[in-house]
Amino acid sequence: MPSLLVLTFSPCVLLGWALLAGGTGGGGVGGGGGGAGIGGGRQEREALPPQKIEVLVLLPQDDSYLFSLTRVRPAIEYALRSVEGNGTGRRLLPPGTRFQVAYEDSDCGNRALFSLVDRVAAARGAKPDLILGPVCEYAAAPVARLASHWDLPMLSAGALAAGFQHKDSEYSHLTRVAPAYAKMGEMMLALFRHHHWSRAALVYSDDKLERNCYFTLEGVHEVFQEEGLHTSIYSFDETKDLDLEDIVRNIQASERVVIMCASSDTIRSIMLVAHRHGMTSGDYAFFNIELFNSSSYGDGSWKRGDKHDFEAKQAYSSLQTVTLLRTVKPEFEKFSMEVKSSVEKQGLNMEDYVNMFVEGFHDAILLYVLALHEVLRAGYSKKDGGKIIQQTWNRTFEGIAGQVSIDANGDRYGDFSVIAMTDVEAGTQEVIGDYFGKEGRFEMRPNVKYPWGPLKLRIDENRIVEHTNSSPCKSSGGLEESAVTGIVVGALLGAGLLMAFYFFRKKYRITIERRTQQEESNLGKHRELREDSIRSHFSVA
């Protein structure tokens, strides 16, 4: 994939800020973590004094983000009420433990770093005990480096790009409580192995700003590349005028299995044009990635109430949507209603009150409490960030929407579902398969009516498919009779011309050879006459 992400910020700048706040904090300096608090001996929970945990939440105030403070804050406060009340915290933490939370605007750039450093500098070393966020890649990178340097645990439902998986040095104190983009790549790999596919076209929107779709398909590209699968890539900027015909032509010229990432309206427009080009009758398999469990990205919905609905319903029979697997339980319903109520009180009306980020930051609080409990029991303190972050890795716990599993590298396993149209007449869609990240297993659901029939979708990846324009009401599969006749006649004419050229060339070569032999014979006779003439002259002399 072109220009893979390199998250770089000046180390001199980071070191300067670190020195500004260094020395007086209780956590010690260095990425190793835990060294400063080891000598205190082991204490039991009952003997520990109440803890005041200072949490710094770094998220953007701009509500256009799915992870804005307005959206996520109710989920964090819901989790805090749970752990401070009669829930997890009362059982795990010393009596009287309280969380003091500060919310700062991270924007989606350097402001997150400046907020953290300004807060520390103002109190000369009063570092927070926990950092939640940021989400945006370019905001999270310097904060994660600083957290590592200051021995602070950092939990985020973002920082999902492939670069953050390298935890051996600068990102050693980061735990990602939402599935990273590479986990989507692992899911797509399992799906391809199930269907015995080896080639894919990656088609995505890239505005060069947040680049969510770019980072998503970067994860898919990296996993496929490691496993030897072939990918072709085509990107566009959907914030500008789109040439949908050009997008579809590039798909036709590349692969039969297409993985797309864009807004729901753009996905619908691409599918409509593909349908008009006869590409939705089984020659192609289209997949759309629904990012973050948000309908802002293509969620598989074809209906808009416009004149194209009937055509879109037909087109979407060839589209499958990949989304996060969700286990609905009573507690989740209560959580969703409380988040919705809190958000609406702040004057924000939207469709997606609860998405991956809202769930993730709620679960981050629960995970931190579990890890802190184990660290305190072992005789360490809340300032031993390295110890705390290690306790968040390689474990499974119950989150708000189901089980959450973090791998040995501090990244959440991704569980995903595949949605497809199972009733073309009604346009009904349902889950047809699930991927379980911890086991690396993809399973088709039993007793589901698959649109293509068998459990495996057969796509001829090597066949070149000819396409003709067709109206929505006509069958768009195969070639018309006149086209077949034209191909046959053209092939016969071509063969006839080749044979005529062959015989002409053969006759011409024979003629040339005969003429050459005759000339050589005449030349020999002429030479003999000249020699006889010369001898006669010498004899006369």
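If you go along the chain as it appears here, the first residue is 1 and each next one adds 1.
For all residues, glycine too, the Cβ spot is worked out from N, Cα and C.
Together with VAL135, CYS136, Swiss-Prot lists one candidate of SER106, SER115, SER169 for binding chloride, that being SER106. Feature annotation from Swiss-Prot across ASN394, ASN469 places N-linked glycosylation site at ASN394. With the fewest other Cβ atoms inside 10 Å of its Cβ, the least crowded of the disulfide-bonded residues CYS108, CYS213, CYS261 in this structure is CYS108. Over the topological domain 'Cytoplasmic' (505-541), the average per-residue pLDDT in this prediction is 50. The least crowded of the recorded positions SER106, ASN394, judged by other CB atoms within 10 A of its own CB, is ASN394. Only VAL135, CYS136, from the recorded positions VAL135, CYS136, CYS213, CYS261, ASN394, place their Cα within 10 Å of the Cα belonging to CYS108 (disulfide bond). Sequence-distant neighbours of VAL135 (chloride binding site) (same chain, 6+ residues apart, CB-CB distance under 8 A): LEU59, PRO60, TYR65, PHE67, SER106, CYS108, SER156, ALA157, GLY158, ALA159, PHE357. Sequence-distant neighbours of CYS136 (chloride binding site) (same chain, six or more apart, CB under 8 Å from its CB) are PRO60, SER106, CYS108, GLY109, ALA112, GLY158, GLU210, listed in sequence order. Maximum C-alpha to C-alpha distance over the listed chloride-binding residues SER106, VAL135, CYS136 is 9 Å.
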